[in-house]
Each structure stands twice: as structure tokens, then as C-alpha cells.
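Structure, as C-alpha cells:
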Amino acid sequence: MEPIKNLPRLCRTLGYEFNNIELLIQALTHRSAANKHNERLEFLGDSILSIAISDALYHQFPKATEGDLSRMRATLVKGDTLTIIAKEFKLGDYLYLGPGELKSGGFRRESILADAVEAIIGAVYLDADIEVCRKLLLSWYQERLAEIKPGINQKDPKTILQEYLQGFKKPLPDYQVVAVEGEAHDQTFTVECKISELDKVVTGVASSRRKAEQLAAAQVLELLNK
């Protein structure tokens with residue numbers, strides 16, 4: 001757990017500065033750690049995320065059917081996606097957990113990470129308003145919204161790889177940014193993807209970290225399918 005003094009660093013990562021930092025602390029507090037925990041904020045954030053993503057998809061895909069919109073929304077708000085977002089934000093470093101959860105590695109537990117993302121959404125809403133929260137969510141989901149398309153199969157390479165490894169009870173992939181080149185407005189990211197099933201390290205290179213991770217995951221899947 002990072003000290004409270006380092007929460008401004010998390011705020012910069014999230015792209016939002018809290019007026020009331022206590023709301024962020026509560027959003028990061030698991031029920032095992034204190035009576036004032038994040039479950040109510042999680043409840044609030046879940047609803048806000050759903051309406052924000054529904055609204056974005058409705059306007060982005062004016063010809064999509066209700067079924068396609070529902071499937072795309074489910075892909076974007078499901079626990080696996082929220083867990084990936086949490087790991088991108090390194091939320092596990094900031095969680096307040098009780099001794100039992102801490103000992104059992106709760107800071108890596110996917111359900112706890114996903115719940116913390118929803119709790120932070122609820123905290124932002126209470127700290128500001130629905131419009132500020134909506135704009136923040138759109139910034140978090142910008143690349144995912146750009147990539148998603150109507151259709152039955154909504155799974156991206158990272159999700160497919162994660163589910164494949166989970167099915168065999170194997171460790172999740174380890175993604176590491178090994179190089180960032182270029183100016184701030186025109187950067188190139190190189191990401192390594194390591195899994196226990198392969199001896200070799202696979203890399204992806206793209207204009208964003210997320211895209212590079214997706215490319216690396218896609219290459220790993222190709223190797224696994226050979």
C-alpha cells in the first residue's frame with residue numbers, strides 16, 4: 001500500500017484531482033480494512049459507468065441494434081475489463097486491505113481491483129458531478145471505444161489470452177513497457193508480454209501502451225495456437 005502522501009500520484013494517473021481526498025481513500029478501502037469501506041461507492045459507480053458507456057455507444061453506433069449495443073456495453077463494463085483498467089492504473093499499490101486479505105494477496109485479486117475502479121467512479125461523481133465523471137470515463141475508455149465494433153465476438157486479444165490462461169489455472173500475462181520513444185504527441189510504445197507457457201519474450205510496438213499490449217497478446221495467442 002502506497003502512503004497517503006502518494007495519492008496525488010494516483011490522481012495524476014486517473015486524470016482527476018479530488019477536492020475531497022477522503023472520498024478517494026474510501027474508494028480504495030476494502031471492507032476487510034475498515035467499517036467505512038468502498039461497497040456503497042462501488043454500487044454508485046457501477047450505475048454511473050453503465051449509463052456513461054450506454055450513452056457513448058448509443059451515439060457512436062446510430063445503426064446498431066439493441067442486442068449489439070448490449071453486447072458491446074457488457075464487454076466494456078465487465079469485471080475483466082475493469083481489472084485490466086485497475087492494473088493500468090496500478091491500483092493494487094494503493095488499496096487499503098485488512099490483514100487477512102493483505103496476507104492472501106488481495107491487492108492482486110481481480111474482483112477487488114474491479115470493485116475499486118467502480119468505487120473510484122462513484123467517488124468522482126460525489127466529488128464533482130455526473131458530467132465531470134462522464135468525461136473522465138470517456139478518457140479512460142477512449143481507445144476501447146475506438147476499437148470496439150458491433151457483432152457477437154467482442155473479445156480483444158488481451159481478454160482472450162487472459163481467459164485462456166485462467167482456464168488452465170495458469171498465471172496471468174506480465175506486460176512491461178520496455179521503451180517509449182518520440183515526443184509526447186507522437187510516441188511509440190514497446191511492450192513485452194511474458195507467460196509461463198512460452199520460453200521466449202514477445203513484444204508489441206504501437207502508438208499507445210494499450211495497443212502495444214494488444215499486439216503482443218495477439219502474437220502470444222498465435223504462438224500458443226501453433
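Using the three backbone atoms N, Cα and C, a Cβ is placed for every residue, glycine included.
Just so it is clear, the model here is predicted, and its values are computed rather than measured.
The active site annotation in Swiss-Prot covers D46 (among others) and rests on sequence analysis. Taken residue by residue with DSSP, D46 (active site) is part of a helix.
Under a cutoff of 8 A between CB atoms, and with a sequence separation of 6+ in the same chain, the neighbours of E118 (active site) are L41, E42, G45, D46, L49, L82. The annotation active site is assigned in Swiss-Prot to E118 (among others).
According to Swiss-Prot, the feature Mg(2+) binding site maps to E42, D115, E118, an assignment based on sequence analysis.
The annotation domain 'RNase III' is assigned in Swiss-Prot to 7-129 on the grounds of sequence analysis.
The annotation domain 'DRBM' is assigned in Swiss-Prot to 156-226. The residues of the domain 'DRBM' (156-226), classed with DSSP into helix (H, G, I), strand (E, B) and coil, number 27 helix, 20 strand, 24 coil.
Taking each of the recorded positions E42, D46, D115 in turn and counting other Cβ atoms within 10 Å of its Cβ gives the largest count for D115.
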